[in-house]
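These notes are about the structure you will find just below.
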Amino acid sequence: MDQAASPDDHARYLALRAEVARHNRAYYEQDAPEISDDEYDALARALRDMEARHPEWVEDDSPVQTIGGAPSAAFEPVAHLTPMTSLDNVFDADELREWQEKLARSLNLPPESDDFTFTGEIKIDGLSVNLYYLDGTLQWAATRGNGRVGEMVTAQVLTIPGIPQHLDGLKGQLEVRGEVYLSRADFAAFNAQAEELGTPLLKNPRNGAAGALRQKDPEVTRTRNLKAIFYSLGRRDGVEARTQSEVLQWLAGRGFPVSHYSETFRGYVAAADYHRRMTEARSNFEFDADGTVIKLDPLALQEEAGFTSRAPRWAIAFKFPVEQVETVLESITVNVGRTGKLAPLAHLAPRLIEGSTVSKATLHNEDYIRQMDLRVGDTVVVRKSGGVIPQIMRVVTEKRPEKTTPFVFPTYCPECGHEVTRAEGDANTYCPNPACPAQRFERIRYFVSRGAMDVRGIGEKLVIQVIETGLVRDAADLYLLTAEQLAGLERGGEKKAQNVLAQLEASKTRPLWRLINALGMTHVGERNAQALARAFGSLDALLRATPEQIEAVPGMGKVTAVSVSAALADPTMRNLIERLRAAGMSPEETQTVRGEQLAGLNFVITGSLSQPRDELKALLEAAGARVTGSVTRKTSYLIAGQDAGSKLDRARELAVPVLDEAALGTLLHQRGVQLPGVQASAASTV
């Protein structure tokens with residue numbers, strides 16, 4: 001460790017590294033970012049600065065030295081021919097100039113050289129994909145994944161308009177890279193329909209695109225109206241292009257959708273002007289974008305400049321500034337969710353931000369309101385967090401009207417009047433009354449939603465009607481409804497009633513993960529429900545599972561495992577499940593295939609191996625293992641290659657079994673796992 005660094009400095013580094021890694025997983029693997037892009041950029045920049053000052057702290061799995069996230073075990077992993085890298089960022093013209101000067105030094109060129117011709121492109125906020133062609137025929141399409149290994153999504157990508165399946169006259173291997181996105185218009189239309197049906201809303205267009213592309217059923221993907229823009233080539237046999245601008249022309253000539261906002265210019269001053277003009281125009285884009293990308297135009301110079309461990313030296317992302325506006329906080333309401341959580345909501349004087357009208361913003365919890373000292377009548381500064389979700393940044397106290405008073409958080413449920421509770425150490429306040437009409441409504445609405453049991457025809461209005469008339473108290477009562485009862489409701493009718501009953505009947509044999517999600521357990525959404533279904537295969541097996549067995553499922557932490565176990569053991573939950581079964585609920589059981597053989601095992605990889613570490617990590621995770629960066633008492637095995645270093649010492653200190661590649665092959669063979677490049681051997685440990 002550097003002598004100038006104190007133990008506290010190193011502790012702060014480890015904490016920051018863990019925080020950035022957590023946000024990477026939320027963004028790349030769970031499609032659920034918790035902070036805005038600019039907040040993430042600030043954290044990542046701080047971590048890079050610390051690693052630049054203390055290179056002895058840096059390990060291979062540093063979250064700012066690696067790319068993307070682990071491929072999902074739900075899709076077949078596929079290795080890219082050439083890595084799909086990330087991009088480094090700049091935030092103003094001075095930083096752009098410094099980047100050009102650094103690039104000039106790496107190429108042994110003067111900073112003002114005429115060779116510095118750049119192509120500017122829009123940085124679309126979507127999901128990166130790679131299309132692989134062999135002799136002109138599309139073989140597969142994959143997500144970026146960790147940059148080396150992605151998820152096979154060929155059938156899903158082929159639902160996107162404008163994807164050529166054949167390229168006449170082309171020989172050899174070709175990789176075409178682009179961005180899949182959900183347009184702002186389709187995002188708004190989806191959420192408008194979801195709101196009408198009472199189903200979950202998409203958080204932002206990027207999440208919508210990622211979720212649609214990762215649908216197992218391509219026909220579901222097709223309904224989301226995804227689009228794509230293509231902008232680069234990886235392997236490019238037979239493509240005669242000398243510059244990035246010629247690559248874009250070649251792509252357009254072959255029928256690939258390309259951006260109409262690309263320009264070619266000379267030097268960083270012109271690049272900064274391009275960025276300024278695109279910043280002003282971004283509200284007119286049909287897609288969300290978080291910046292521009294400035295690329296060195298000559299491909300020969302790109303190859304000469306090369307790459308760092310995570311990004312090309314010849315390209316940079318120039319991030320858009322975050323647009324902020326002032327508006328007035330007109331009122332604060334408190335809603336009650338399906339778990340009983342009280343959710344405060346700010347109602348704002350409508351303002352236009354980045355092309356859409358903002359009139360509401362979440363206020364999270366009581367502490368958030370108190371810390372910001374938010375008062376009705378205040379002038380507040382609002383932005384779109386991550387470009388989409390409205391967020392109050394601060395109060396303009398100098399504009400505060402006289403006689404305003406602090407907001408008083410309710411001590412009784414605004415829906416049922418029951419006294420609310422707040423556990424020590426918990427930021428959230430809850431209504432503990434299970435009969436609370438708001439909770440009942442939200443639980444039933446969630447149960448029938450698109451992401452749960454997907455009962456079409458039961459929207460928000462019908463849920464309100466069946467609750468208010470006393471026909472339904474919980475989800476199981478839905479399956480006891482009769483045609484006469486439904487037809488007798490306002491705006492009912494025989495035809496509508498029969499349609500609802502048919503949809504309810506069809507839902508009885510939905511896949512197991514849908515029922516798990518529909519039960520509405522805390523910490524369980526679509527992704528965790530699918531993981532639980534894959535791991536346990538049947539509802540009975542899940543009901544018998546211990547917290548330790550649940551925690552062993554990839555993606556589950558201890559908090560989630562304890563929460564799920566407690567929820568499933570609750571007498572009210574058990575009664576609901578039994579009543580659903582009595583009504584004929586028989587979910588389709590899930591085959592426990594890949595993703596279970598190594599469940600419960602925690603691996604750490606270190607040293608030089610015969611295959612890329614990222615590929616081995618992805619393949620182990622696809623078989624159900626968890627791969628982490630540090631050796632602890634919870635580590636099942638350390639996989640050690642040449643020059644293993646301090647992790648090997650730590651494993652021996654903790655008596656963690658150590659495997660070389662041959663011993664790993666033996667373990668995998670015994671578990672029924674075949675991983676390419678890993679052969680079984682009689683060897684056991686090193």
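Including glycine, each Cβ sits where the backbone N, Cα and C put it.
Annotation comment: Swiss-Prot describes Asp37, Asp38, Glu39, Tyr40, Asp41, Ser86, Leu87, Glu121, Arg144, Glu179, Lys295, Lys319 as NAD(+) binding site, evidence class sequence analysis. In this structure, Leu87 (NAD(+) binding site) belongs to neither helix nor strand by DSSP; it is coil.
Under 8 Å, Cβ to Cβ, and six or more positions away along its own chain, Lys123 (active site, N6-AMP-lysine intermediate) finds Leu87, Ala289, Asp290, Gly291, Thr292, Val293, Ala317, Lys319. For Lys123, the entry in Swiss-Prot reads active site, N6-AMP-lysine intermediate, with the evidence type sequence analysis.
What Swiss-Prot records for Cys413, Cys416, Cys431, Cys436 is Zn(2+) binding site. Cys413 (Zn(2+) binding site) falls within neither a helix nor a strand when secondary structure is assigned with DSSP, and so counts as coil.
Residues or ranges marked as domain 'BRCT' by Swiss-Prot: 593-681.
The distance from the Cα of Cys436 (Zn(2+) binding site) to the Cα of Lys295 (NAD(+) binding site) comes to 57 Å. Reported as a whole number, the C-alpha separation between Cys416 (Zn(2+) binding site) and Arg144 (NAD(+) binding site) equals 48 Å. Of the chain residues outside the Zn(2+) site list Cys413, Cys416, Cys431, Cys436, Val336, Gly340, Pro414, Glu415, Gly417, His418, Val420, Pro432, Asn433, Pro437, Ala438, Gln439 have their Cβ within 8 Å of the site's Cβ mean position. Rounded to the nearest whole angstrom, the C-alpha distance between Cys431 (Zn(2+) binding site) and Arg144 (NAD(+) binding site) is 43.
Here the CA atom of Cys413 (Zn(2+) binding site) lies 46 Å from the CA atom of Arg144 (NAD(+) binding site).
In this view, Cys413 (Zn(2+) binding site) is surrounded by 23 other Cβ atoms within 10 Å of its Cβ, with every protein chain counted.
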